[in-house]
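Contents: one structure, followed by commentary.
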């Protein structure tokens, strides 16, 4: 593999609970197994954890994640999802792990930007005019490096009512902005509890499997699949590869 290839793991939708128990939506052992598999692979430059860390808004759920993060040796970036208590998460998780919308992180040939789509108390996502302005300002002024955008809600329709109802509601405003910049190469999101990859114009949109459980693809009703995993991204100079890893 090329030396300048950036290797990323995406972990999403852990839904941890206050106790280390196997509830239907809080899978402590799943999360442990995912991080163990990532560590054993020994190949990643960065890990993005794309929201819904907690399922019950408890301090202990974030403490569980923190104990797992302490065992990792590569850079880790954590963002909130609609199930998270952002203030509590920011209190428990050290700043070095938190990805701020105010900053642009550069690594090799890419810039990485976090867009906060979370609306307090709501399932859907939304970007305010201020959020959109800040985001476009970053794209306009951060140079010519290729861009990777990280967020929780899906910013592109999946043609599935259950998730398109609760996606980033003003996704068209977001898409309008990124279409102005041909160096936006990758948008990583969570929320949808499965592995999706969609190409739109010059940009690849991609989600990882949930750590807790999957919602079966292409079904009109919610059908739970008791499997879990994470997703690898290989960012080469001229192209991007993805690889979904199923633990179970």
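Including glycine, each Cβ sits where the backbone N, Cα and C put it.
Computed from a predicted structure; not experimentally measured.
Of the residues 15, 138, Swiss-Prot puts just one in the AMP site with 52, 82, 83, 193: 15. Of all the binding-site residues in the record (82, 83, 152), the one with the smallest CA separation from residue 193 (Fe cation 1 binding site) is 152.
Between residue 152 (Fe cation 2 binding site) and residue 82 (AMP binding site), the C-alpha separation comes to 8 Å. If you measure from the Cα atom of residue 82 (AMP binding site) to that of residue 52 (Fe cation 1 binding site), you get 6 Å.
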